[in-house]
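Asker: Just dropping this structure here.
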Amino acid sequence: MKKSSVIKGTIILTIAALITRILGFANRIYLSNLIGAEGMGLYQLVFPIYMICYTICCSGIFTAVSKLVAEEKAKNNNSNLKRIIRASSIIAFTLSIILMLILIFNADLISSKLINEPRTALAIKIMALSIPFTAIMSCIKGYFYGLKYPTVPALSQILEQITRITIIYLLSSLFIPKGLTYACAMAIIGMVGGEIISFATVAIAYKFNSLKKNSKKPQSYYIILKKISAIAVPITSNRLITTILTSIETILIPTQLQLFGFTHSEALSTYGILTGMALPLILFPSVFTNSISLMLLPTVSAASANKNKKMINFTTTKTMKFTILIGIISTFLFLSYGKTLGVIVYQEEYVGILLTILAWLCPFIYLQTTLGSILNGLNKQLIVFRNNIIGLSIRIAFIFILIPMYGLKGYLWGLLSSFVIVSTLNIIHLIRITSINFKVSNWLIKPILACLASVSAIDLLDKFITLPFSLLITTLINICLFMIITAPLLLLTGSINMNEVNFILNRRKKTKK
């Protein structure tokens, strides 16, 4: 097995994720200019319902397929692979049809009673049509991730974003004049179209994907269904509770902001700015850590199946280290250039203010995703579930208690507290079950000092040199300078070494088994 196999997949996913995020931002910028902050708030309110449906029919099954395919592949048993994908697809499709019908016939009730926003009813009905496509697509994606073939899912993500942007552009002149209800529906139509194209991409790729069959007798569908259920049911149950709490959190924010003194429109606009504009920018660097996480589950699962503790420890240690580095660098970038980015990207100063506050979340948000993926790969789903519930409970408590007193600041304090606590708990559990070599100096102190030195050097240059460029070009130059200065400082201080650089560049040789 190659240590670089995770990196190969991660590089492909990262490139695709960068393209997808850039296209996604282009879409968000265009959409926010079309429908405004209040429209973005409406659009974001639909997603808790979507995520609940996705969790029920996709989340646990996706993980089960990825994990089982990785384990069968590690054992060189290809006979069960197609049976795994067929069995999982039947389950996912059946659940998706049930959920689609429930949403279509109860959209008015859901929008008025659960979301407290009747204008989202049409969007919910349209969104329901995407669920069957998303369900089957998640099974096929799990299959490709389990085989460590990330190119197909990566391509599907890019085509999905291109389709979204194209549909919104074509429909904007028809839907925008009809008001925010139809504007929100237009955005959801773009999402549904993107999901259908993404499904078609992975389905065609699966049709032409062929693995050499071996002489091993395939297991019965009954046994395979039991295996899928054993993994998917606990994960789905855990994630469903988490998703429901997240949905409650999302729906409560505009309501509690009104108790602080905002009008309904102001509360919805503030919610739209936070969730539709500021947080997506904060999460942009997570394209690197999310790509790692997607490739980690099958890698750690395969290593666990083969009882390869060396691979588990190596993967966990390196992943944690690079996630923390990305988080620290992102924090300094948003602290230094957050206000400017808010104006450049959305022409909205308040977005920039939020970015500088949210910057402190970066290391902890990225760590929570990565560490959760490692723990899931080690069959520690209950630990992930418990820690996530703790974090969500903290945030909901802050929403109830502090937003009416301090406004949005109360929620931001809750975000920081919850992510710090959950990441800390995940690290503690990983230290207990693996041999992580956590070095505070190389992982925290030296990167922070390197970033401080880079920011100071750029500030000093700005005092003596005035660049004759636009705000956008000047900011991009400063960000590039920050990275150019920080990288060698990390090497010089020993925070990272050339062996790790070579590992990232995919030059490592095969490891000894």
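Keep in mind that glycine also has a Cβ here, set from the backbone N, Cα and C atoms.
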Asker: For the annotation transmembrane segment in TrEMBL, which listed range does it cover: 169-194, 273-298?
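Answerer: Within the set 169-194, 273-298, TrEMBL attaches transmembrane segment to 273-298.
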Asker: Is it the case that the transmembrane segment (388-406) and the transmembrane segment (412-431) have 3 or more CB pairs under 8 Å, with pairs at least 6 apart in sequence?
Answerer: yes
Asker: Report, as numbers and ranges, which residues of the same chain sit near the transmembrane segment (350-367): CB under 8 Å and 6 or more residues beyond its ends.
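Answerer: For the transmembrane segment (350-367), the far contacts come to 273-274, 277-279, 281-283, 285-286, 289, 320, 323-324, 326-328, 330-335, 338-343, 409, 412, 415-416, 419-420, 422-423, 426-427.
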Asker: For the transmembrane segment (42-64), what are the same-chain contacts with Cβ under 8 Å, counting residues 6+ beyond its ends?
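Answerer: Contacts with the transmembrane segment (42-64): 31, 35, 88, 91-92, 95-96, 99, 103, 110, 114-115, 117, 119-120, 123-124, 127-128, 131, 134-135, 138-139, 141-142, 180, 183-184, 187-188, 227-228, 231-237, 239-240, 243-244, 246-247, 250-251, 254, 268, 271-272, 275-276, 297, 376.
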